[in-house]
Structure formats: structure tokens, C-alpha cells
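J.: If you scroll down you'll find the structure; I have some questions about it.
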């Protein structure tokens, strides 16, 4: 697949979020969005075979909660609401046991249908009817996820042996209850009850308050098809994102990566996750490139409605390019600011230099030892982050990562700088380039890469690497699974960098998470 033009567009649009800060320009258009993190009522035995009536009864209990939340969101002025993946029917079905839970939905754009007003146009559309009526009765755009079925002929080479497709499907309704878009999940995550569509869907819908919205689902966010191609091809700035995401620290917690995706692509994301803390499932939010309204709660049960007013993003590539140039000009000032405190070492980019300068004074202690530890099921190469301040380098394959750091106060916590440049093969196969500053689980090297949720160390840092992919997702996670934002980030002399002067609370993770899609 050819990525050249898409990659060019990406490089022109990095560091875009700071253009809004630098210019001081205030977006005129705004809209009110809502997402609902739903603790779904699940089947006690999803592998059991039930009839349609029993399936509708279970789904009806979840839809009753949806209806309450739609009304609550509408009372707060919300113009659009998003519900999570698997929220209506649940999960862990077999192909046969999920069948009674499936609605029929026409995927053709030629079909104009309002399920609330035309209830008998198609059979097995009870869930769609209820969702459509919620949108109509509350005059709100509504996005939800459900299972759908579509008969197919055996002349279709992709048709399953039982004569039907079963899809994990997002549906979008306008504020009059019209079905305006359907999206069939492309990257299934061990979902044996469902089929991937023969070709990726690129689905979007138009709204009067924020223009075009695109949509994809959960695991799709990690892949080029359809998420990245959809955003780039249609120049989308608003995304709706139902998900059933199991958090995995330190690099892939839900709110952490959702925010990184919004920042990386200069978009708004309305992300609704399912809420099952015992399964590690929580983390929803309304994200802009520079601000987030999030919910992450592993302690308590019950759903959570988030409502927020956010700007309509209209930044074009010209503005993004200007922003990138500003960062090139401001980088030296960034270095000066970072090293303004008395230091013996300095790591900064110098003009015309392909790699960072590494200035070591005489009498410095030997470089810290490298070690290996498993993180995110991958074998990372680490160096420990010792002392009050310093500079580090660690390499793997073609990727070298660099860190300049200074701690406000030394704490009894071990941090490490890690690098991974390779194919991730557990719970999915995809190529990752990562430079990561992480808090370790304890004081021994073997604990680095473990899941940690609390930290106290406040660290000023510059982190950068010679990434081979233009698709870099900046992760900045702080104590209690809260989010922070980098002061500066962008490309300089073929390196991607991120810097922060003092995190808002203890640092858990600061990482450059690169996806090299061509090598998947």
C-alpha cells in the first residue's frame, strides 16, 4: 500500500495543537457532546442458545439505561451522544449463541430509513427502532454499537458457510431519528462471533453543528485501515469511537491512548468505553488536542455520563505547517528554558546535526547499565534513571531514544528509559517503535514494565528518538491515571521530541509510541 501522500500530510500536521496556543486564536464554533460509559447488564451464560424474545429482554434492560442517559444528556444541551461497544448485547458469545441478539441493518447508502417512523420496513430491527426513537424524541444525534446480520449468497466467495455475515456494527442516527451511517468493525479482537467485512468501511455522517464525523471501533484505533486512512482521506476533525477497551499499562490505558490519538491527529474524539472494572475495562472521554474530559474508575461500579462543550476544529494543513515552522524556531528557546537551572550536562539539538549533541563533562559517573525487561509483552531494552538529573541514551535495532531529565525532589522510586523497535505479536500483530520513560513497579530492574497506577516524582524532561515512522502518539500519564500535556513536541533534524517542565502530578509514563504500519 502506498503511504507517501498520507505520510506527507501527517508530517505537515504535527505539533498542530500548539498553533492554537501560540496564535491565541479562539475557535468560534462550539458544540456540546456527551459520552456514556456503560456498565452493561450481561448474559449469565453468553454461550447458551436463547430465542430472540429472551435476547430482546436482556438488551431491553440495557436500552432502558441508554434512554435515561439520552434524556439526561439532552437536558444538559448535548447535541450528540456516543455509547460504547458491546454495551447493548455484551460479549464472549459464540457465532451461534449471538445470533438471536442480532438486528438486520441495511448497509447501502441508497436506503433512506427512519426506524422509529418506519418500524415495519425490515424484520428484526427492534434495537434499531428504540435507538432511532431516542434520537428523535430527544432531538439529538446518537451513536451506538450493536450486533447485526446480513444474508449472503454462496456465490459470494466471502460468504460464511451458514449463509450470513455477522458484524460488530456502529450505527449513527440524526436528531430526527434517521439512520445516517453504519460502520462494520474491521479489526476484530478475538471476536469469534463476528465477521470482518470483505473490505474496510470508511463511514462518516454530516452534522449541522460540527460538520463531518467519522467512526470506527475499539481495536481499529491501532491500525492504518480504516482509522488513519478515513481521517486523512476525508480530512476529518471529529471522530466518534465506541470501544470495549481493556486497559494495559504503562502504554495502552484507554484514556492515555485516546488522548494521544486526538493530539496526534489534531482532532476531537468522543470515546465511550464499557465499564467492567473486574475485566480492566474503563476509560472514556471527550478529547480535544489540548484538553480532555475523562472518566477512569477501577474502584466503583455503575455508568458515567460525561457532557462537555468543545470547539469545532477547523485547522488546515497550511496552519499546521506554519505551526511546525514555529516549533523549529522555538526549539532552541525550549532547550534554554529546560536547562535554565544550573546543570553540568546538556542535551539539545544543534543546527545541521542529525543526532542530538551529547556533552559529557570530565569526571562524570559511568553510564548506567542496560538491562532487559518485558513491557506490554515485548522485550524492551532499558537503562535506569538515577539521580537528580542526567542524560541517557538507549538503542534497539534502528531506534535510539534520548532523555534529558531533572527531578524536583529525589523520591524512593525507580524510573527507567526503555526502547522497543519490533513486531508486537501478543493479542494482535503490529509493528511498534517506542521510546518510554516509565515508573517501575518496585526498586529492582525486573519490575520495570509492570503496571503502576501511582507515583510521586515530579520530573522535567526532554524525550526524543530517531523514529522511522511519521505516526507518533505522545503519551503522558500521571498518578491516579490522569492526563497531562507536553509543553512542546514535534520533529527536528529527523527526530521526534516531547518536552515537559514539571508534570502536574507524579509521572507514570512519558512515551513516544510510534506505529510503523507498513511493517505490520
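For all residues, glycine too, the Cβ spot is worked out from N, Cα and C.
Quick paste of what TrEMBL says about this protein:
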DOMAIN    45-312  domain 'CN hydrolase'
ACT_SITE  85  active site, proton acceptor
ACT_SITE  185  active site, proton donor
ACT_SITE  218  active site, nucleophile
J.: If you skip the near sequence neighbours and keep only those at least six away, which residues in the chain come within under 8 angstroms of the residue listed as 'active site, nucleophile', Cβ to Cβ?
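T.: Once residues fewer than 6 apart are set aside, the residue listed as 'active site, nucleophile' is near 85, 185, 189, 241, 242, 243, 244, 245.
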J.: Among all protein chains shown, how many Cβ atoms are found within 10 Å of the Cβ of residue 185 (active site, proton donor), not counting that one?
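T.: Around residue 185 (active site, proton donor), other Cβ atoms within 10 Å: 26.
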J.: Let me know how many other Cβ atoms fall within 10 Å of the Cβ of residue 85 (active site, proton acceptor).
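T.: Excluding its own Cβ, the number within 10 Å is 28.
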J.: Restricting attention to the domain 'CN hydrolase' (45-312), give the mean pLDDT.
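T.: On average, pLDDT over the domain 'CN hydrolase' (45-312) sits at 97.
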